[in-house]
Amino acid sequence: MKSGFISLIGRTNAGKSSLLNYLLNEKISMVSHKQNATRRKINGIVMHKDSQAIFIDTPGLHESNKTMNKLMVEAAIKSIGDCDLLLFVASVFDNIENYKKFLNLKKDAPHLIAITKIDEASDKEIFAKLNEYQIYSDEFKAIIPLSVKKQAYKNILLDEIYKYLPEHEYFYDPQYLTTANEREIFRDFILEAVYECVSDEVPYSTDVNVDKVVEKQNITEIYATIITDNEHHKAILIGKNGQTIKRIGINARKIINTLLNNKIFLKINVKIDKNWNSNESIIKKNFLY
């Protein structure tokens, strides 16, 4: 019996959240084409052979002077020291400089490399990228190309991870998919809908708080608040005659329905908190951890 923790590490938009959902065969982590979508660590639990692999989806590694972004990167780096194995995730189109920066981080755990989005590249491009990493073959244990869309090489990756998990009893019930509670997942799904429906800088000055969840026999009622930092962004989120907030609600319900069998009643309000994304204590307490 084996059990251990694996941290998913990589730049923003490398495909870490998509990879986690793929490994779980279930959507628990928000996915967006926008950078820095993942703001808090989410644990996903995968059973493979006689092992339990607990994957930690971390915020992407990036450079920024903003308080929120700095704390996100700190959370990602901290997870490196807490894990048995690291999985560096990079798109086949990513510059290898990102991997060099990763190697400069202090780490004791072994690591694998997952090269994602190979379905979008030619065989020539894939082989060229794999060859780039061979310069550092003494650093990593294995490099695995992956396609989430085509569902390719999943078991090869899990077999490699299995080799490096420590002998240990399971940390969680094998039936669990995640350590996140429903509110945390709902919050991420609503935020994903915000990212889908509004553009530019609005999502980066926005977060979501799930105020209340009421479970009834045939319906789940979710009451949430979108928090933003100024009147202009609030107006954009609501939209003319409330059309944007309505669209956010429709999209969020669709995403939440991938997880729940019940009907969904979702009530979303929008409020302003000018300091939410610059106050370190607020971020740590309510959003990041």
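Any Cβ shown, glycine's included, is placed from N, Cα and C.
Here is what Swiss-Prot records for this protein:
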BINDING   10-17, 57-61, 116-119  GTP binding site
DOMAIN    2-167  domain 'Era-type G'
DOMAIN    198-274  domain 'KH type-2'
REGION    10-17  region 'G1'
REGION    57-60  region 'G3'
Greatest C-beta neighbour count within 10 angstroms, which of the binding-site residues Asn13, Thr58: Thr58
Same chain, 6+ residues apart, C-beta under 8 Å of the C-beta of Ile118 (GTP binding site), given in sequence order: Val92, Ile126, Pro145, Leu146, Ser147, Ala152
Winner by Cβ contact number (other Cβ atoms within 10 Å) across the binding-site residues Gly10, Lys16: Lys16
Where Lys16 (GTP binding site) sits in the secondary structure, as DSSP reduces it to three classes: helix
